[in-house]
Amino acid sequence: MTPDLQLALELAEKAGKLTLDYFGRRSLQVFSKRDDTPVTEADRNAEELIRQGISAKFPDDGLFGEEFDEHPSGNGRRWIIDPIDGTRSFIHGVPLYGVMIALEVEGAMQLGVINFPALGELYQAERGSGAFMNGSPVQVSAIAENSASTVVFTEKEYLLDPPSNHPVDQLRIDAGLVRGWGDCYGHMLVASGRAEVAVDKIMSPWDCAAVIPIVEEAGGCCFDYRGRQSIIDGEGLVSANNAMGRNLIAAIGNGERDR
């Protein structure tokens, strides 16, 4: 295990334990950010813990997180942090939130760690080394038929938006099972072979950075609503097993050419 991955795992576990001290509290303090999304004291304290741990070990590395200003990199390495992905779930006592840490090196995601402390599930991946949950390898499913697939989503707009011919939107009709197990948990269901497609129509870099290496090292793929696999600044995030991902990307490409 590289020092980078070891540090990410240690900090994700420490931050996860911190969040559990707040999880389920009726007295939890919730604030509104400028974009009207919620943030809690647990979000801020967890990100501070992670930032301090990284800076102590790698002081020249960049830091880019959801809750605080970016600290620029001096060496091409940038850590991307989402201290609590699924803050709304966290606030309501739903255990499907995750602590996310990723390392980007020269613009490419090198590793990702996602800890679900309330579930006891810890995912990790480093480029070329496979993906793991609690130390055991995980792999995407081989299901290729829409009718046999499980599709999960985060935002209610996925179901409520007007009918669309977009291949990803069409899955809400064609899939065998559609459920709202969203945020990073949905993407880890894909990585571990328990779902075939996860859809996020609204996405920020910290929401997807750790997801990408884990899904890809598990044999899956990540792309945006235009079928592009360069998605940090893309239009949403779709993760899928390899079979369905290839089909969706091809169908999106055909639709783009027909416009």
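Every residue, even glycine, has its Cβ placed from backbone N, Cα and C.
Small disclaimer: the values here were computed from a predicted structure and weren't measured.
DSSP classifies Asp85 (substrate binding site) as strand under the three-state reduction. Residues near Asp85 (substrate binding site) in space but far in sequence (CB under 8 A, at least 6 apart, same chain), listed by position: Tyr97, Gly98, Val99, Met100, Ile114, Asp183, Cys184, Trp206, Asp207. Feature annotation from Swiss-Prot assigns substrate binding site to Glu66, Ile84, Asp85, Gly86, Thr87, Asp207; the stated evidence is similarity to another entry.
Under 8 Å, Cβ to Cβ, and six or more positions away along its own chain, Ile84 (substrate binding site) finds Thr19, Thr40, Ala42, Asp43, Ala46, Phe90, Tyr97, Gly98, Val99. The annotation Mg(2+) 1 binding site is assigned in Swiss-Prot to Glu66, Asp82, Ile84 on the grounds of similarity to another entry.
Residues annotated as Mg(2+) 2 binding site in Swiss-Prot, with similarity to another entry given as evidence: Asp82, Asp85, Asp207. Same-chain residues at least 6 positions away in sequence with a Cβ under 8 Å from that of Asp82 (Mg(2+) 1 binding site) are, in sequence order, Gly65, Glu66, Gly98, Val99, Met100, Cys184, Trp206, Asp207, Ala209, Ala210.
Within 8 A of the CB centroid of the Mg(2+) 1 site residues Glu66, Asp82, Ile84, the other residues of that chain are Asp43, Ala46, Glu47, Gly65, Glu67, Ile81, Pro83, Asp85, Thr87, Val99, Met100, Trp206, Asp207. In sequence order, Glu66, Ile84, Gly86, Gly98, Met100, Asp183, Cys184, Ser204, Trp206, Cys208, Ala210 are the same-chain residues whose CB sits within 8 A of the CB centroid of Asp82, Asp85, Asp207, the residues recorded for Mg(2+) 2 being left out. Applying an 8 A CB threshold to same-chain residues 6+ apart, the list for Thr87 (substrate binding site) reads Thr37, Pro38, Val39, Thr40, Asp43, Tyr97. For Gly86 (substrate binding site), the same-chain residues that are 6 or more apart in sequence and have a Cβ closer than 8 Å to its Cβ are Val94, Leu96, Tyr97, Gly98, Gly182, Asp183, Cys184, Tyr185.
For Glu66 (substrate binding site), the Cβ neighbour count at a 10 Å cut-off comes to 22, with all displayed protein chains included.
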